[in-house]
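Below is one structure; the comments refer to it alone.
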Amino acid sequence: MAIASPSTPSFSASICCTRTDSTPARSLRFPPIQTRLQSRQFTLSCRSSVPSSNESDGDLQYEIQHGVSTDHRRRGSLVFVTLPLDALNFPVGTMKRKKAMVQSFRALAAAGVEGVVMEVWWGLVESELPRVYNWEGYLEIVVLAKRCGLKVRAEMAFHQCGTGPDDPFWIPLPQWVREEIDKDPDLAYSDRFGRRNMEYISIGCDVLPVLHGRSPIQAYTEFMRSFRDTFIPFFGGVITGIQVGMGPAGELRYPSFPLQKTARTLRSRELGEFQCHDKYMLASLNACAGEIGMREWANGGPIGAGSLMQNPEGSEFFKSDGSWNSPYGEFFLAWYSGMLLLHGERICREAESIFRGLEVNLSGKVAGIHWHYRTESHPSELTAGYYNTSIRDGLLPIARLFGRYGFSMCCTCFEMQDAEAQQMNPDSSPESFVKQLSLAARLCDIPLQGENCASSLDDGSFEQVLRMSRFYWNGPGTPTFSFNFVRMDKNLFEYRNWVSFTRFVRQMSDAKFFRPNLGFGDGDMPFLSLSASSTAGVVLA
């Protein structure tokens, strides 16, 4: 284990990288990351629970006082539904089950759903040759959404879907990308045991011309530009959002957990593995360690990080008084998380430039990694690239990054409850993670998008989403909140599930549910009953 000597030099949490394009070489640095929230003044306004005789008069007074429209207060929060993973045929890229899709879209529109989330897979569109794009299936989906009166959020998916060819939802990276990885395996992430991860190209080679003369960032950029040029007639009216993928599962993170381990009972305790052992990541680490005169810190990830399923207190690095809080640990974690922020910065900058001037909201996604939130070191967050511990806020820098480029922030596990999660892992706290992320979004004044991890259709899960939504969307001037339900399948349209879902959609759209609630407590929220007329509507749908 690398231990700092008493004469260890001081350093700031900056990331040093050298440009590889034709522009003059220069160092790219992040400013030192503050570990405490800056104080910010909040104004709390209260509203009487006695209904006004004229609601529009109250709205007019509100607009005069605050200078903002009250449309969002009357409408509440929008709900989108993510399409099935197999919405298109692989590898031809045409729409599957067209008649069923038409009926499903009509039912969603009748239920008051705002729109659908369409995952746009790199491995489908640019599958065989670089710069050869097939948008046919996605054009069909967008045209159908327009016919049915639904909006579309498009997710640029630059990652792998599924675990392998035997997976029914298998969508790998483009064939020509996989051929380049075969030639140079270090284009894929690697952990300390040499295990390669093919979910996403290593960010260590972000700006290197390793893909037929293009860098990964250039490939992502040209893909998004082709999408813009192809779908430009639909922006604003139909396509209202673009979520830009930045890592595995579209999330800004490292693939620190094996994709093959999907069982929640296993995933709930995994520490994760640092993904920094490909030659490109090691070159960056070596350069940064050499800059501060500590070459012995450049030999890869921390020694003593424990095994994947180990108790954090049995790990030399992650235990409460472990080396994560030593000078070496601070250096490594600042570099590791900083590389991830730099990757996000590059993609956000390109996306903002491509879609500038269009009526479309941009967003990025953060993983809901909550499995060790109640520990001192938060190991599963650290290995994923979030330098978030009991003494350091690692989510605020991500929110600031998104805020600089006008991005919304999306996060999963809004339906999860601590009581349930802690039955499998007492150190888990999904509610605290979501609340910390929501607070970061509010401090940076950026809209928030919630999402569920599993297709839970019970009333308790929907009620939990309403609670967590209410924590963020809780007063005048708060940026908008919306929710992506994952995902549309045949179970959604079964009678009992459909009743629960349509009730949830109405409650999300009802601004009366979102009253000021600034605490971190677990106050109950009433769940409305379904009226007879609404039941009839469900049956017709």
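In case you wondered, yes, glycine gets a Cβ from its N, Cα and C as well.
Its Cβ taken as reference, E251 (active site, proton donor) is surrounded by 23 other Cβ atoms within 10 Å in the chains shown. The active site, proton donor annotation in TrEMBL covers E251.
Under the heading active site, proton acceptor, TrEMBL lists E451. All protein chains included, E451 (active site, proton acceptor) registers 22 other Cβ atoms within 10 Å of its own Cβ.
The two recorded residues, E451 (active site, proton acceptor) and E251 (active site, proton donor), show a Cα separation of 12 Å.
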